[in-house]
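K.L.:
To start, I am sharing the structure in question, which I have written as structure tokens.
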Amino acid sequence: MSKLYLMSLGCNKNLVDSEIMLGRLSAYELCDEPSKADVIIVNTCGFIDSAKKESINAILDLHEQRKKDSLLVVTGCLMQRYREELMKELPEVDLFTGVGDYERIDEMILKKTNLFSNSTYLQSENSKRIITGSNSHAFIKIAEGCNQKCSFCAIPSFKGKLKSREISSIIAELKDLVARGYKDFSFIAQDTSSYLFDKGEKDGLIRLIDEVEKIKGIRAARILYLYPTSASEALIKRIIASEIFVNYFDMPLQHISDNMLKIMKRGANSTRLKEMLNLMKSAPNSFLRTGFIVGHPGESEADFEELCEFVKDFGFDRVSVFAYSKEEDTTAFDMEQVPFKVINKRLKIIEKIVDEVIEKSFEKEVGQKRLVVCTGESSEGEFFIAAKDLRWDREIDGEILINESECGNLEMGQIYECEILQNLDKKLLAKALRKVDAN
């Protein structure tokens, strides 16, 4: 049997595309060592400069490790965005494809031909996936592309306009995954709260929630990548009212200063954002995640200080901060740029604030009883069982370390009630109290 090595870079949306490619290539034996693979696939990220560099370095590194007569295939956002340049500059690569042909990857490898469809690939209910990284959790991509016009973001230039999957397609995929033992789902897209806007439906995500709740066997679900202007008060209230969707609110804000929100073309002012955030925060056991960009063109010291004070005071659970990356095909590209030294200085300041904010979020968990999912051996070794809070997304929100159990041996993928005993450098030490029966 021929062997396959696949490296998936970038976001969880890319991971879903990689899992679809694995589904098409199920005749191959997956291997962990690229030097033993007959086919090597790199699913690249082309979002910001650091991701582009990571993708290029990964391609060159894998070329160095590959065995003679193996096939090196490069796909994904970076290839879609810089197709002509990379095909000239990367003679090490055997086959190239973009973001439109994941379901034809087997045909492409068989024929040894490049493929670049004009449209972005949209998953259907017939798309076979091999889920990686978990035996209980899966990401569900509900749409592709984006209709927003953010000044800093090039994604619409290579992913295209919003294209939503049919609800029936998503429900069919969920039912199949539940039948295979999956019971924890994260719903993703470039802008999840715009789901079905392209089909003229303004409450599409609410309708999807209604349909998801009818499926027996789902224990928890969450929605990532809410967008401030497309996420309505009605949507937030529907999530709060749900017995399946946890009160996990992931809304990248990018800034809080009205001046910067206007420059960045975010479509909402700070008053609107704070109203939405306070509604989310009012939910029982709410968990709020966001992200900000530092050093975007036009950001003054006053704008930056306002952002820092807001991050310090609001009480987010998780915050990501990024240095502004100058990207082609964006309106910010031609604006007067903030000096690199200033961006770096600001990034260091806000990273320290974010670190303290996240530490407080972990600390407030001590003494709480939480439902958690066991995920396997922990990063700290065999003496701890790793778990995640049922509210959390996979991997990005933290790790719970269980070293005591009042309910016998713990099973992977099973849900337990745990008492959080201690916060150890942003890892929570816990005791398992009881096994919780799945719905």
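For all residues, glycine too, the Cβ spot is worked out from N, Cα and C.
Since this is a predicted model, take the numbers as computed values, not measurements.
Got these off Swiss-Prot a minute ago, pasting:
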| type | residues | note |
| --- | --- | --- |
| DOMAIN | 2-114 | domain 'MTTase N-terminal' |
| BINDING | Cys11, Cys45, Cys77 | [4Fe-4S] cluster 1 binding site |
| DOMAIN | 132-363 | domain 'Radical SAM core' |
| BINDING | Cys146, Cys150, Cys153 | [4Fe-4S] cluster 2 binding site |
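What's the neighbourhood like for these features in this structure?
P.N.:
When secondary structure is read from DSSP and collapsed to three states, Cys45 ([4Fe-4S] cluster 1 binding site) falls in the coil class.
Long-range C-beta contacts of Cys153 ([4Fe-4S] cluster 2 binding site), restricted to its own chain and to partners at least six residues apart, with a cutoff below 8 Å, comprise Cys146, Glu327, Thr330.
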K.L.:
Give me the Cα-Cα distance between Cys11 ([4Fe-4S] cluster 1 binding site) and Cys150 ([4Fe-4S] cluster 2 binding site), rounded to a whole Å.
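P.N.:
With the alpha carbons as reference points, the distance is 19 Å.
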K.L.:
Using a 10 Å cut-off on Cβ-Cβ distances across all protein chains shown, tell me which of the binding-site residues (Cys11, Cys45, Cys77, Cys146, Cys150) has the largest neighbour count.
P.N.:
Cys77
K.L.:
To the nearest whole angstrom, state the Cα distance for the pair Cys77 ([4Fe-4S] cluster 1 binding site) and Cys150 ([4Fe-4S] cluster 2 binding site).
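P.N.:
With the alpha carbons as reference points, the distance is 18 Å.
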K.L.:
What does DSSP give as the helix, strand and coil breakdown of the domain 'MTTase N-terminal' (2-114)?
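P.N.:
Summed over the domain 'MTTase N-terminal' (2-114), the classes give 55 helix, 23 strand, 35 coil.
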K.L.:
Which whole number is the mean pLDDT over the domain 'MTTase N-terminal' (2-114)?
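P.N.:
Taking every residue of the domain 'MTTase N-terminal' (2-114) together, the mean pLDDT is 93.
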K.L.:
Roughly how many angstrom lie between the C-alpha atoms of Cys45 ([4Fe-4S] cluster 1 binding site) and Cys150 ([4Fe-4S] cluster 2 binding site)?
P.N.:
19
